[in-house]
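Undergrad: What Swiss-Prot lists as active site, proton acceptor is Asp144. Among the features that Swiss-Prot reports, ATP binding site is placed at Leu21, Gly22, Thr23, Gly24, Gly25, Phe26, Gly27, Asn28, Val29, Lys44. Per Swiss-Prot, the feature domain 'Protein kinase' maps to 15-300. For 453-474, the entry in Swiss-Prot reads region 'Leucine-zipper'. Annotated region 'NEMO-binding' per Swiss-Prot: 736-741, in sequence order, evidence recorded as similarity to another entry.
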Amino acid sequence: MEKPPVQHGAVCGPWDMKDRLGTGGFGNVCLYQNRETGELKAIKSCRLELSMKNKERWCQEIQIMKRLNHPNVVKACEVPPEMDFLVNDVPHLAMEYCAGGDLRKLLNKPENCCGLKESQVLNLMSDIGSGIQYLHEKRIIHRDLKPENIVLQECNGKTVHKIIDLGYAKDLDQGSLCTSFVGTLQYLAPELFENKPYSVTVDYWSFGTMVFECIAGFRPFLHNMQPFTWHEKIKKKDHKHIYAYEEMSGEIRFSSYLPQPNNLCSIIVDKIETWLQLLLNWDPIQRGGGMDCGRPQCFVLMDQILNLKIVHILNMTSAKIHSFHLQPEESLHTLQSRIETETGISTCNQELLLEMGVSLDPRKPASQCVIDGVKGWDSYMVYLFDKSKTVYEGPFQSRSLSECLNYIVQDSKVQLPIPQLRKVWAEAVHYVSGLKEDYSRLFQGQRAAMLSLLRFNTNLTKMKNTMVSASQQLGAKLQFFKRSIEIDLERYSDQMAYGISSEKMLRAWKEMEDKAVCFGKAGKIHFLDETIMGLHTEIVELQKSPCARRQGDVMEHLEQRAMELYKQLKPRSPDKAYSDSTEMVKILVQTVQGQDRVLKELFGHLSKLLGCKQKIIDLLPQIEMTVNNIKEADSSLMQMQAKRQREIWHLLKIACTQSSARSLGPASVETPITPRTSAWPDQSSSQALFSMLTTKDKSREILRHTIDKNSDYQKLLSSLILQTQTTMEQNSLMSLDFSWLNK
């Protein structure tokens with residue numbers, strides 16, 4: 001059953017049309033949403049009456065789409081029953097919806113006028129290269145690869161590129177090709193222009209053209225000319241030429257190198273230039289480089305590029321970025337030696353920080369600098385600091401102006417034709433954006449330094465707490481030791497007249513008292529504590545400082561103004577207008593001045609951070625030494641306490657043995673003293689106890705048990721005293737061993 005094309009805002013059962021996503025040669029692609037489930041689908045419907053050939057082409061696309069399943073080729077899905085009808089004698093095609101729009105939309109953004117970022121280029125190469133290989137394995141040649149036929153979808157935080165529009169796949173009529181491809185000829189391989197036999201290498205040409213445009217912001221070969229015009233001029237190029245441009249004189253120039261400016265690091269530039277030479281070879285047989293291990297050489301080289309491990313290091317002392325291709329299992333020390341060669345910073349003075357302020361681990365390989373699955377120097381950076389410096393003198397010299405930018409800065413009122421002005425202003429936008437990004441990277445480096453400082457501060461706080469705790473414990477033990485030795489000395493003096501005396505022991509105890517005073521000095525941490533508290537306050541102030549937050553608002557505003565100027569220029573007719581660059585030059589000058597101001601503040605703040613960190617580094621060994629001294633004092637104090645306690649117990653033993661000698665006379669320490677044998681209550685005491693317990697209504701059994709137990713203890717004590725008396729008869733005080741005083 002056939003129905004008219006669906007109009008905007010139309011309803012098909014539970015499906016509402018939400019948006020028109022695109023219009024092709026014969027069809028419209030519209031977005032539909034299911035009101036009940038929220039499901040989204042892209043529905044392609046025919047908008048014109050088609051010839052029999054084109055009807056076959058339409059149906060063939062549907063059949064091809066239904067048998068493909070690859071993450072980088074858009075998937076076909078079931079047409080909702082409510083839309084399962086014919087429009088202009090052909091069915092609808094339902095596809096997954098990709099919310100990121102197409103690649104053309106991304107390239108048209110002013111910020112991408114000089115190409116995409118490195119991470120975006122590498123991601124695109126990986127996705128589209130994988131999709132093309134899959135199609136070729138399925139014996140499908142796309143033949144119409146272009147930015148409009150690449151859509152973007154966010155998946156788990158990553159942008160995924162998908163190939164769409166297989167309406168001109170391999171089996172399409174070759175004779176009608178030129179008329180069918182009106183408007184997209186800029187990406188077609190030369191043999192398709194010439195109506196010659198072709199192979200999968202036509203997709204290589206389109207792929208290379210598209211990647212070049214993503215890198216430079218424009219197509220590689222005379223992009224301002226019509227396809228049929230540049231075709232005749234470019235066919236003379238050498239197989240290594242990947243770029244052609246027209247001089248002011250009208251002369252055509254060829255180059256084997258990517259144009260500047262672009263956003264690729266030098267290591268990637270060299271590799272991609274070689275890769276593009278394979279893809280943009282005019283000869284379809286040589287294009288792609290032949291087979292290598294069963295695969296086209298261009299895809300082998302592409303994989304090598306994508307698998308490169310490159311570490312990007314921002315030297316915070318010079319604001320320059322250094323990129324290093326890491327070798328397998330390269331050690332961090334080897335990388336640091338290479339860094340020393342390029343920067344002049346010795347390996348012992350290098351501090352390499354990740355974005356979160358974590359220092360690189362010297363025990364791990366250099367690959368710890370690279371994040372798995374993350375490509376491009378715009379995505380991650382390692383920050384290099386010189387530990388021998390605490391004052392960074394920035395700002396540094398701004399980016400150098402290109403020849404054409406320098407031309408308009410020298411004379412901002414010079415009139416230029418619109419096509420030339422577009423190129424110059426595109427470079428101006430790129431320059432302004434570059435200055436802003438330079439600041440952003442340096443700010444991120446400052447932030448890494450702040451996070452590193454906070455890590456050091458956390459370590460400082462832990463060590464301080466350990467020191468304070470150890471000091472407090474030592475103080476408490478000293479207080480106990482001093483008080484106990486004072487009491488011991490007092491009691492010793494009290495009993496000297498009738499008890500035991502030893503000058504050697506007394507001298508040893510007084511020496512202990514003096515040593516305890518010295519040990520107390522080890523626990524004096526007041527100065528260190530105050531210094532640490534001052535550092536904590538300084539760090540809090542640095543965190544509160546406006547310089548700790550981004551100061552690039554003015555530069556971002558100037559970047560937006562530059563983009564607006566470029567957007568206003570773009571739609572103007574190139575044939576009728578000339579214009580000067582007064583406004584754009586003003587923005588350039590203001591951006592340079594703005595960067596100079598914010599970088600002065602940034603490096604002033606950074607110097608304070610690094611100075612504060614150096615103070616912590618200098619303090620840590622002092623704290624460690626203080627803690628060790630406290631521990632040593634604590635240990636020595638405990639040893640003295642233990643020694644004195646052993647002496648006291650020895651004295652107690654002597655006192656016990658001497659007690660029996662006192663019966664011979666109070667003045668003689670050698671005469672045994674006969675103690676009272678009855679050290680426990682006598683009979684009258686027992687009666688008093690019995691009376692007291694009876695008064696309290698205690699049972700007779702408990703009373704009898706208590707009295708019996710008392711008698712047992714009395715007999716035991718009497719036995720011990722008799723034993724002591726016997727021992728004293730065999731020993732005198734003068735024969736006792738006092739060698740323990742020397743221990």
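From the backbone N, Cα and C atoms, a Cβ is placed for every residue, glycine too.
Please situate the listed features within the shown structure.
TA: Secondary structure at Asp144 (active site, proton acceptor), as computed by DSSP, is coil.
Under the DSSP three-state reduction, Thr23 (ATP binding site) is assigned to strand. Taking Cβ-Cβ distances under 8 Å and a sequence gap of 6 or more within the same chain, the neighbours of Thr23 (ATP binding site) are Val29, Arg47.
Within the same chain, residues 357-358, 519-520, 522-525, 528-529, 532, 535-536, 539, 542, 609, 612-613, 616-617, 619-620, 623-624, 626-627, 630-631, 633-634, 637 sit at least 6 positions outside the region 'Leucine-zipper' (453-474) and bring their C-beta atoms closer than 8 Å to a C-beta of that stretch.
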Undergrad: Where does Val29 (ATP binding site) sit by DSSP, helix, strand or coil?
TA: strand
Undergrad: Which residues in the same chain, at least 6 apart in sequence, have a Cβ under 8 Å from the Cβ of Gly27 (ATP binding site)?
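TA: Long-range Cβ contacts: Lys44, Ser45, Cys46, Arg47, Trp58.
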Undergrad: Which residues, sitting 6 or more apart from Leu21 (ATP binding site) on the same chain, put a CB under 8 Å from its CB?
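TA: Same-chain residues close to Leu21 (ATP binding site) (Cβ under 8 Å, separated by 6 or more) are Val29, Cys30, Leu31, Ala42.
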